[in-house]
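Engineer: This is the feature table in TrEMBL:
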- 1-424: domain 'Major facilitator superfamily (MFS) profile' (DOMAIN)
- 28-49: transmembrane segment (TRANSMEM)
- 82-104: transmembrane segment (TRANSMEM)
- 116-138: transmembrane segment (TRANSMEM)
- 144-170: transmembrane segment (TRANSMEM)
- 237-255: transmembrane segment (TRANSMEM)
- 275-294: transmembrane segment (TRANSMEM)
- 301-322: transmembrane segment (TRANSMEM)
- 334-357: transmembrane segment (TRANSMEM)
- 369-390: transmembrane segment (TRANSMEM)
- 402-420: transmembrane segment (TRANSMEM)
Amino acid sequence: MELTMSTIVIQDLYNNPKSEFSLTTEEVSWYGSILFVFHPTGSFLSGFLQERFGRKRCMVLANVPSIFGWIMLYYTHSVVSLYASTVLMGLSIGFSEAPILSYVGEITEPRHRGTMASLATTAGMIGMLLIYILGYFFEWRIVALLSTLCPITCICLVMLIPESPLWLIANGKNEKAKKSLCWLRGWVKPEMVKAELLELIRYNEVSGTRNGKVKIEKNNISSKLAQLLDPAVYRPFRLVMIVFFISYIVCLLPSKPYFSQIMNEVGLSEDRSLLFVIFAVLQNIGCIILVLSVKHLGKRFLAVMSVSINTILLILFGLYIMALKNGYTESTPWIPTMILSGISLFGTSISTLPWMLVSEIFPNKSRGVAAGSCAALSYLLMFILTKSYLIVEINLTLEYTMLLFGGIGIFGLVYLYFYLPETEKKTLLEIEEYFK
């Protein structure tokens, strides 16, 4: 919801003399991207704090700045307070990513991990759809006020779930881990989870070791960051960051804050709010398809297919705009509508993939700091791409920007084909051994 809110606000305030205050092109550029500047701060903090205080406490804490951010957005009367509300939302999103992904990766069985990790992204897509629906019916201030209920509800619901059993084991709380596992497997008796508990204890002992030797690490920030240089951490870290870059480009995420301007340029100026809802619905349909199919088709196949289709659509979009500007064709609204709809529908798999990988690809002893660092750098990358998008489009024009994105998609397709392993139905230890 927080990721999408800027689109609703920009649509109402961009160069609008009738509003209480309006946003210039430069202010829109900052407002659309400043959210991603403060994500890394929250992500880095949560990466360290979740190891000390647990996944559950960090998931609760992540909602606090979100509550204040939504309230401040409702009462904002200037560009400065608008930026301030976005800063709080950015901290909230960044702080939530690592503990959520670590928690999902640790509580699920291998056969369900892909489905559960994709459900986490599906929740995000539902939030985007909800914001677009609310934006269609209400003014942006009312949307902000109603959205305040979301983090409050989240805190109440997270309080009902148990702590990650793997985190409890890592902190010597095996009895609590047993109770947590009983709850997570359907309120079963301890005898039913005994084998899985022993397997988790063994994994905790073996994870992060080399040739059977345990590496003794000091529990401070410098030693935690030094873990990122371990090949067992660095190799998956590099893979995830490249996949993030590919997914951002082929899903047109850097252009999301400026989607209203893009739609104007391709003749979709009417019913933009309705189109936003349609695109969000298609993203949710894509998520549902992903949830139902990832167990059968695997992450690798879905990712390669997603990048292939979106790359073709981006190139077609660029060629259509080129033909439109050169007078080779008349404005045909259904063509860009179908292309953007296809990008929304098929981009779900690749946009979800890096978050799935973050939840399962790192060794247990480094998962917190590695997941937090991954989330932090991914948002820093998103900020750079979003902030520079307008500069690229102004210099290359929209059609050549889309062709550039398509070219990057071709590079991404080749990279994924040769370097992306299949992790579906693999245990955490099997995945760790692959990268060793």
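Just so you know, the numbers here start at 1 and follow the chain as drawn.
Quick reminder: no glycine exception, Cβ is built from N, Cα and C everywhere.
Annotations in TrEMBL come from automatic prediction, not curation.
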Engineer: Counting CB pairs under 8 Å, which listed stretch among 28-49, 116-138, 237-255, 301-322 touches the transmembrane segment (369-390) the most?
Structural biologist: 28-49
Engineer: Could you give the residue numbers and ranges of same-chain residues that sit at least 6 residues beyond the transmembrane segment (116-138) on either side and whose C-beta is under 8 angstroms from one of its C-beta atoms?
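Structural biologist: Distant Cβ neighbours of the transmembrane segment (116-138) are 1-5, 7-8, 11, 100-101, 104-105, 107-108, 146-147, 150, 273-274, 276-277, 279-281, 283-284, 286-288, 290-291, 294, 348, 351-352, 355-356, 359-360.
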Engineer: Apart from its near flanks, which chain residues at least 6 from the ends of the transmembrane segment (275-294) lie with a Cβ under 8 angstroms of it?
Structural biologist: 4, 7, 114-115, 118-119, 121-122, 125-126, 128-129, 132-133, 135-136, 259, 263, 268, 302, 337, 340-341, 344-349, 352, 424
Engineer: Looking only at the recorded stretches 28-49, 82-104, 237-255, 301-322, 334-357, which one has the largest tally of CB-CB distances under 8 Å to the transmembrane segment (144-170)?
Structural biologist: 82-104
Engineer: Under 8 Å between C-beta atoms and at least six residues away from its ends: which parts of the chain pack against the transmembrane segment (237-255)?
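Structural biologist: Residues 228, 262, 303, 306-307, 310-311, 314, 343, 347, 350-351, 353-354, 357-358, 361-362, 370, 373-374, 377-378, 381-382, 385-386, 388-389, 393, 405, 408-409, 411-412, 415-416, 419-420 contact the transmembrane segment (237-255) from elsewhere in the chain.
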Engineer: Find the average pLDDT over the domain 'Major facilitator superfamily (MFS) profile' (1-424) in the predicted model and report it.
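Structural biologist: It averages 85.
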